[in-house]
Each structure stands twice: as structure tokens, then as C-alpha cells.
Amino acid sequence: MAEPDPEREPLKTLSSSSPGQVHYVSIPINKNRQLAGSNDFQNFGVGSSDTPTQYHGQGIRRRTSILDQPIGSFKGVNSLNRFATSFQRANSFRAIDIRPDRERSFIDPDGEESYDPNTLGPSYNGRKLSFAITGPGQVSIRPSIADLYGAVSRKNSVIQSSGGFTPSGVLENPIDDSDGLQSVLSNDSTGPYHLPDYSFHDSGNALGPEEDSIVLKQVETRTGKVITVIAGQSTGPQTIFNSINVLIGIGLLALPLGLRHAGWVLGLPLLAIFAFATFCTAQLLSRCLDADPTMTTYGDLAFAAFGPTGRALISFLFTMDLLGCGVALIILFGDSLNALFPEYSVNFFKIVAFFVVTPPAFLPLSVLSNISLLGILSTIGTAIIIVFCGLVKQTAPGSLLQPEPTSLWPKSFKEFCLSLGLLSACWGGHAIFPNLKCDMRHPEKFTSCLKTTYRITIFTDIGIAIVGFLMFGDQVLNEITRSVLLTPGYPPFVYALISVLLSLIPLAKTPLNSRPIVSIFDSMLNVEHIDESLPSSTKLVKNSVRAFNRIAVNAVFVLIAILLPEFDKIIGFLGAALCFTICFILPCLFYKRICHETITPLETHLCNISIVISAVLSVFGVYASLTS
């Protein structure tokens, strides 16, 4: 007998100790909707440019993709199509909110979520949720979310009068989402409220063809305000994949250098401590989210803890992080190709990088997400090739069979400080972790997913650090791949293959890094969404401004990469300044402020100690990276 799929377990609701009551609402999906006219696509929230004008007056049928077909273990909620959609949502979470006074990132003052119809994920510039819901007898008139909640309340009263409803608001038998949320409870059930008179229009075909209903989550806060959002869609395996994609990046290429600066005695314990500490602080972020189910982003946590100032600080830190990552990718591109073709300068290849990464910046997120898969595949492929090179080469340098001399201790205090940023930079996924948890079908499984993610990441990062340090010892360069490319004696195909893989990483990741920064300028210049009804001359000007923003941001990446050409200094600064702040200090501060009613004295002391130590190490690391 086959074991039950853990992703098909019933949805869990919050306990009555939660600040708000959580209700799950199941609404049938309208698979063939006849749109009444263009008015149906108004009131999208901010994102009016997403209006699918090609559908006006036409029927929409949900398409079937080959990726929806069962392929081995990839089936149902874990089909390749659902993996791709989940991955696209995860990439959309790399966003910067320029509205510091907004209490919740994706919730408007009416308590309604803005979402992306192509992924069903929250979006700053998406469509209002109520637009996708048609009430009883309605064709093109949108019901308000309050009406929807009223329908739930009326049904609640009927159930309660029959003695079947739990007064606390906790659902004893929550919806069973087996077979893609198809199993919904009947009207006399105590579970989530199935509203057959309403329908949800999946115009973006984000759900698989087997889905018959969608689940919304409604949170009634202590003040009586009702927040309505689409319940999480990602499964455990999808969340693990998205988390690994966040954590395993180009920072691992500098780990052997970090180990060289710190030495064996201090370097390996530091790597282990950073891994354990960031895992713990990710848990703190998870607890903060549990304290208020309406929070979904890191910026929401900052607002809850410190108000508009906190959200503004997070927006600034995220901008610096994306800027630094973009610069590091350009440096990596230039260094790698220069090692293969030394007759051309590094700056020449950085200029080439500009012409390589700029065109993808004009592509939509759905295409960029697919391209970005090349990034994680290239990174993992590069790590495998490095190990292969160490095993096939018989003599030093660059061999695991005959390791180079290494050092047990750092040669100076300054070198130890340099190692702090390099060894911590690879653990910086906290900016996305809140979104990933809220996007889960079963958020209570986030800790389990996090454990699996960290096991894989620790094995990869510490493995590359050890392998690279053994292969090149104290002669290892700022990128382990550059050391390999400049060392003769490997099979000829290795040099070309590494260069190709390292060239694909910036191509895959730079457009996603530039996208949130570009969105800031688009919003500031009021060109983020262009109304098709505008005069042609006005649309031309706005489109020209949008194009200029994309070109300018990538040009800034290249300019900074030319002015600050050292990969290790960029990674060291990102680790020391931003990783310590975002992954160590702020989660502890958030936990103290948001969970002040439940935090224990021991946890308070541990948070205070962590904040002080992290601040000191951050200062040392930043100073060393700027002055070395």
C-alpha cells in the first residue's frame, strides 16, 4: 500500500492563542469564463498595465501543458508546472517596497490582497483579489471582500445554530487538499467554508488543469479587521528548492579564500557557527510570522517592530544587497573570461557583460525565472567540476591527491576580520524566508524544510571551502574558479566548461537582481504601468524612460565593477555589512519587539548577546573589507 503524500495532509489552522482567527474558504474555479467586456479588467490595483486586453469579450479556457503531466515523482501538486510556478513566485519575492508607511506589503487599506494572476503569488503591482471572484448572479460586477466574508459569516451562523461550529473560530476538520484541493467539505461540515455560489477566475492559468477549487485564507485581527489572501501554494519540496536557490550562490566561490584568511582552527568553526546561527535566526523570523498571520515579508516584520522607519531601512538594505550582488556578478564574468582569454583585459569583458545582461532586463518575470534556472544549475555544476579537477590532477597545485600547504591560524588580525564577511556571505537568505514560509501550503512544515535546506547547503558550502583550500592552499585566489582556470594540467575541456558556466551565472541572475531596482525608478518616474489608451507620443516617451532605466541600472553595475574590481572585497562587504545586519541582528530585534509577550528571559539574553557580538564582528569585517 502506497504511503500517503505528506503534501496532501489537511491544512492546519492557527490555535486560538493566535492574535487573529483564521478561516479557510474554498471557492470553485471557473474553468470557462465569458468576459463581459473591458470593464472586467479595471481596478487591478496598481497594476493596470497587466490588463489582458486580448481576452476582452472572449472565453478563457485553462490550458493544459506537458509540464502538468505526471513524470515520475513530479505529479499533482508537485508537477513540473507547479514547480515552475512556485519558482517564479519565489523570484518575484525579490522586491523592494518604496512605500514605508504601508503596514502590510501586499494588503490595501480595505484588507484586500494584490496578487499576480500568472503565479497566484502576492505582488506589489498586481490585481485586486476581489476582481477574480464573482458572486452569486454576477457576471462582471466584482463582489467586495467584505461581502465574501459576510457569506462566510452567514454560513458560520447556520453551522453554529446546528451545533457543529467551534465557537473559538478554530476549524476542527480543516480542508483536505488531496488531489489539488478538490476535496471540499459539504455545507453541514465543520471545516472550511465551501462557497459554491462564488467562483474564482484563474485567468493566468496558474493552477493545474486538475484543480477544481482554490482556497483563500481570511484572518480576522484583534481589531475586527478582515484580511483576505490566497492561501499558500508551494509544497515542501518546492520550498526546499526555492530556499536552496537563495542560499547557494556565487558567495561559495570565495569560501576557500575566507578559509585561507581564517585558517583551519578558526575558519571551519566559524562556518559551522554561522550556519547554525542563521538557522536559529530564521526560526525567529518564523515565530514572528506566527505571531501575526497578516505579515508575509521581511518588510512587514520591520514595520511591525519599528514602524515606517523600519520598512525604509529594509528597503535601503535590500537595494544595497541587490546592487552589490549585481556588481559581483559582473566582476565574476570579467575575471572568468579574462583567465581564459588573457589577451583581452578584464574591463573589456566587463563591458561585454553589459551587452550580455542588458537585453534580458526587458523580458517578463516568467521568462527570467526560467532563465535563472541556469544560474543554480551552473553554480552546482561549477562546484562539481572543481571537485573533479582536484581528483584528476596528480600533482600540486590544484590537486586533492597532493594538497598544497595550508595554515592553521590566520596570519594577522586583519586577515581574520576579512574572513568574517567571506564566510558569512553565503548564509544570507533571510530576506526571502518570510515570503517562502507564507507561500507554503503547510506553513507549519517550514522548519522541516529549513532543516533539509541547511543540510544540503552546509554540505555544499563547507565542502567547497575545504576542497578549494586543500587544492591551492595559501595561493588560492579571490575566486576558486579563477585559481582553476589559471592552473595548467587539467583536462582541456575543463577550462572552456568552467568559463561557459561562469558566464551563464551573470546572464541568469543579473536581470533578476536589477529588476527590483529598476522598478523603483519606474515607480518614481510614473512609467511602471503604461495605459494603452494614451496618445502614441506619450506612450513612446514612457517606454523610452522605461528602457533607459533598465540600461542605466546595468550600466551602474558595470561602472562600479570597473571601479571596485576585487570580487572578494565585494563579497566580504556584503557579508560583513548586510548579512550580519539582515541575518543576525535584525531577526533578534524583531523577535524581541514582536514576540515580547511570549519571549523567555533566556531568549532575551541570548538575543542581546547575539546582537552585540554580531555588531562587533560586522564593524571589524566592514573595516577590513574597505581598507585591505
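Note: Cβ is positioned from N, Cα and C throughout, glycine not excepted.
According to TrEMBL, the feature compositional bias 'Basic and acidic residues' maps to 1-11.
If you look up TrEMBL, you'll see 234-626 marked as domain 'Amino acid transporter transmembrane'.
The region 'Disordered' feature in TrEMBL is assigned to 1-22.
Same-chain neighbours of the transmembrane segment (240-258): 83, 86-87, 90, 234, 267, 271, 325, 328-329, 332, 372, 375-376, 379-380, 382-383, 418-419, 421-423, 425-429, 432-433, 436, 449-450, 452-453, 456-457, 460-462, 464-465, 467-469, 471-472, 476-481, 483, 505, 509, 567-568, 571-572, 574-575, counting only residues six or more beyond its ends whose CB sits under 8 Å from a CB of the stretch. Positions annotated as transmembrane segment by TrEMBL: 240-258 (among others).
The annotation transmembrane segment is assigned in TrEMBL to 264-285 (among others). Same-chain residues lying 6+ beyond the ends of the transmembrane segment (264-285) with a Cβ under 8 Å from its Cβ atoms: 255, 258, 298, 301, 406-410, 416, 419-420, 423-424, 427-430, 433-434, 437, 447, 450-451, 454, 457-458, 461-462, 465-466, 583-584, 587-588, 590-591, 607, 610.
Within its own chain, the transmembrane segment (313-334) is flanked in space by residues 94, 96-98, 100, 249-250, 253, 298-299, 302, 306, 346-350, 352-354, 356-357, 428, 431, 479, 502-503, 505-506, 509-510, 513-514, 516-517, 520, 553-554, 556-558, 560-561, 564-567, 570-571, 573-574, 577-578, 581-582, 586, which lie at least six positions past its ends and keep a Cβ under 8 Å from the stretch. Per TrEMBL, transmembrane segment is recorded for 313-334 (among others).
Here TrEMBL flags 346-365 (among others) as transmembrane segment.
As annotated by TrEMBL, transmembrane segment applies to 372-393 (among others).
Summarising the annotation, TrEMBL assigns transmembrane segment to 454-472 (among others).
What TrEMBL lists as transmembrane segment is 492-508 (among others).
Annotation comment: TrEMBL describes 547-564 (among others) as transmembrane segment. For the transmembrane segment (547-564), same-chain residues at least 6 beyond its ends with a Cβ under 8 Å from one of its own Cβ atoms are 323, 326-327, 329-331, 334, 347, 350-351, 353-354, 357-358, 361-362, 510, 514, 517-518, 521-522, 525, 527, 570.
Among the features that TrEMBL reports, transmembrane segment is placed at 570-594 (among others).
What TrEMBL records for 606-626 (among others) is transmembrane segment.
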* Quickly jot the same-chain residues contacting the transmembrane segment (454-472) by Cβ under 8 Å, restricted to those at least six beyond its ends, or write none. => 240, 244, 247-248, 252-253, 255-256, 258-260, 267-268, 271-272, 275, 279, 380, 383, 386-387, 389-390, 397-400, 403-404, 406, 423, 426-427, 480, 483, 487
* Residues of the same chain, at least six outside the transmembrane segment (492-508), with any C-beta under 8 angstroms of its C-beta? -> 250, 329-330, 332-333, 336-337, 339-340, 353, 356-357, 360, 371-375, 378-379, 381-382, 385, 388-389, 481, 484-485
